[in-house]
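Here is the structure we will look at.
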Amino acid sequence: MSTDAIVLLKEDHKEIRRLFKAFQDAEDGPASTRGKIVKQILEALTVHTYLENEVMYPEVRKLVPDVEDDILESYEEHHVADVLCFELFGMDAGDERFDAKTTVLIENVLHHVEEEEQEWFPKVREALGRNQLQEIGQRMLDLRPKAPKTPTAPKALKKSLDAVVA
Ligand SMILES: [Fe+2]
Ligand SMILES: [Fe+2]
């Protein structure tokens, strides 16, 4: 199994896209089904965001000054997603705003993931050697079991707050 940081993050993205599609496919089904899928979406996004914020972003910012602006934009995009995740976590799937809020979350995250994959991950791959990317990936694998799983977990909240006041 590869420990390459970019490969690992893209695997997460793939799973996140799969969950988004599951939500969209459940459009005409019962709200409870969409509620369950959204719980999975929130968990996947919380873990992924934590690993990017704790390891990938600060590491890349240090090593590849060229992507500084992309990273700063990414922090802001994560922040918007964090707010939506936090609100959705406390919302009943039957709420009239639940589907709309999830749809906006999906649109935002798809845009963000697209920018990572198309715009700045390739620059990072070019700038860093294979060994460095494997080391960063290994750190994310080691941290993964300790990552928060819900948007209201203290570690997740602290990160969201840091993004506002830092
Ligand atoms: Fe990201
Ligand atoms: Fe990502």
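Here the Cβ of each residue, glycine as well, is placed from N, Cα and C on the backbone.
The range from 57-78, 123-144, 145-166 that TrEMBL describes as region 'Disordered' is residues 145-166. If one looks beyond the region 'Disordered' (145-166) by at least 6 residues along the same chain, the residues whose Cβ comes under 8 Å of a Cβ in the stretch are 42-43, 46-47, 49-51, 53-54, 75-76, 78-79, 82-83, 85-86, 88-90.
Applying DSSP to the domain 'Hemerythrin-like' (5-124) sorts its residues as follows: 106 helix, 0 strand, 14 coil.
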